[in-house]
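Here the structure comes first, spelled out in structure tokens, and everything after it is commentary.
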Amino acid sequence: MGIILITVAGLILRLICIDKAEGLWNDEYVSWVIASQPFTKGFMEGILSQCHMPFYYLYLKCFMKFFGQSDLLLRLTSVFAGVLSIIAMYFTGLVKDKKTALIASGFTAISGFLIYYSQEVRIYSVLFLFSTLSLMYTLKTVKNPSKTNIAGLVLSDFLILFTHTIGFVYVFFNLLYVSIALFKQFKKGIIALWSSMAILGLILSPFVIKILSTQSFSQWWGSFSVSKIGFLFTDYFSPYLTNLVNAPDKFFYQVSLGFILFCLIPAIIALIWLVKSMINEIQNRYLFGICICVILTLTIAALCGKLVFITKYSMEIYPILIFMIAYGAGSFNNKILKYSLIIIYSILMVGYNFISPVAAPRIKRAQGHKIVADLIEHAKLNKGDYIILQYYPKSRFEKYVNFSDYNVISIDKGNFPEYLSAN
């Protein structure tokens with residue numbers, strides 16, 4: 001009964017303000033465009049033009065085939081994955097005990113970060129689901145390395161690789177942990193596995209060196225600062241979302257009552273639970289080691305200019321952290337302290353969604369393409385009038401605007417050099 005109530009609550013929180021007036025923003029629009037292309041013409045080309053792996057586009061395409069292509073439907077595909085994640089986190093916690101299962105699923109249901117991405121037409125809600133399954137089968141495999149559990153681990157890790165381009169970072173450290181835990185039982189097989197991976201690494205080393213030595217121009221819009229590691233934790237364990245796109249360079253950039261109440265307090269409570277979980281259980285220390293290794297790898301990549309350190313890029317470790325704080329939250333012997341902390345944390349997480357205009361369900365997508373469509377519609381243009389579009393080509397707005405009656409000039413990232421040279 002508990003998991004049913006938690007799941008329903010999580011669904012309700014994910015449906016608040018689900019229909020965004022601003023429409024799809026750039027990355028969401030690209031997801032829709034690729035998924036809407038026929039398999040035989042445009043679909044594979046669209047996938048190859050992007051930096052992400054194919055699974056999400058296939059997932060989105062299946063929903064569109066049967067249910068349509070409205071913005072609301074597209075967002076509901078992520079709600080679906082988000083609700084399944086609540087249930088998956090319950091069964092992950094159940095590997096430990098029912099108390100951890102209920103707390104972990106509850107924290108998943110009320111996570112502002114997950115609510116935000118459960119309303120986004122992007123890979124991250126699906127990625128969290130696969131990462132939760134990976135954690136569940138990691139725990140099961142270490143506890144009981146049966147063929148079923150190993151197969152579940154391999155499949156879930158494969159789905160991560162097939163969804164997220166940098167998912168291999170998590171998968172590598174996850175398999176390393178499992179290998180260490182099971183080394184005595186499967187010594188020969190594990191040595192063979194890592195020997196094969198070492199050979200593959202040597203073969204790919206020239207490619208890796210080239211990537212590391214080549215200056216990336218796609219990450220010009222964000223720089224790394226230590227504050228982003230702090231924002232990663234507050235994004236995960238407070239309703240105060242900061243590092244969705246590009247966070248400030250200073251952690252205490254805006255000290256206010258709201259920041260202290262809704263950002264610092266829940267994050268500090270979660271940190272206490274995290275430490276408590278590692279004190280009480282040695283396995284949690286190893287799991288936390290996976291998180292640290294992933295964060296360090298992303299930090300190095302960010303310092304090398306290969307990616308922008310944004311919280312969502314570490315989504316694979318989020319289920320581990322939720323599992324750990326859930327275990328820590330339920331491990332206090334003092335019942336008054338235990339339930340007081342859980343209640344305070346939950347009230348702050350949920351309450352913010354209802355009182356704040358910038359809570360996860362209400363955060364505006366500044367690049368929402370329907371904004372432009374609404375401006376054109378209200379401009380009362382005549383047939384044959386000229387429209388000048390800057391930054392994005394007109395194809396980025398054709399879901400909302402029929403341009404057939406107008407003359408459209410696009411000055412965008414693709415043709416800007418032509419206009420520059422003409423002058």
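Cβ atoms here come from the backbone N, Cα and C positions, even for glycine.
Annotated in TrEMBL:
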TRANSMEM  72-93  transmembrane segment
TRANSMEM  99-116  transmembrane segment
TRANSMEM  123-139  transmembrane segment
TRANSMEM  159-183  transmembrane segment
TRANSMEM  190-212  transmembrane segment
TRANSMEM  251-274  transmembrane segment
TRANSMEM  286-309  transmembrane segment
TRANSMEM  315-332  transmembrane segment
TRANSMEM  339-355  transmembrane segment
*Between the transmembrane segment (159-183) and the transmembrane segment (123-139), are there at least three Cβ pairs closer than 8 Å, leaving out pairs fewer than 6 positions apart?*
yes
*Mind pulling out the one from 99-116, 286-309, 315-332, 339-355 with the most Cβ pairs under 8 angstroms to the transmembrane segment (251-274)?*
339-355
_For the transmembrane segment (286-309), I need the partner stretch with the highest count of C-beta pairs below 8 angstroms, choosing only from 72-93, 99-116, 315-332, 339-355._
315-332
*Which sequence positions outside the transmembrane segment (72-93), separated from its termini by at least 6 residues, show Cβ-Cβ distances below 8 Å to it?*
3, 6-7, 10-11, 14-15, 18-20, 24, 28, 31-32, 59-60, 63-64, 100-105, 108-109, 114-115, 117-122, 124-126, 128-129, 132-133, 135-136, 139, 319, 322-323, 326-327
*State the non-local partners of the transmembrane segment (339-355) in its own chain: residues 6+ outside its ends, Cβ under 8 Å from one of its Cβ atoms.*
13, 16, 103, 106, 110-112, 115, 238-240, 261-262, 265-266, 269-270, 272-273, 329, 332, 361
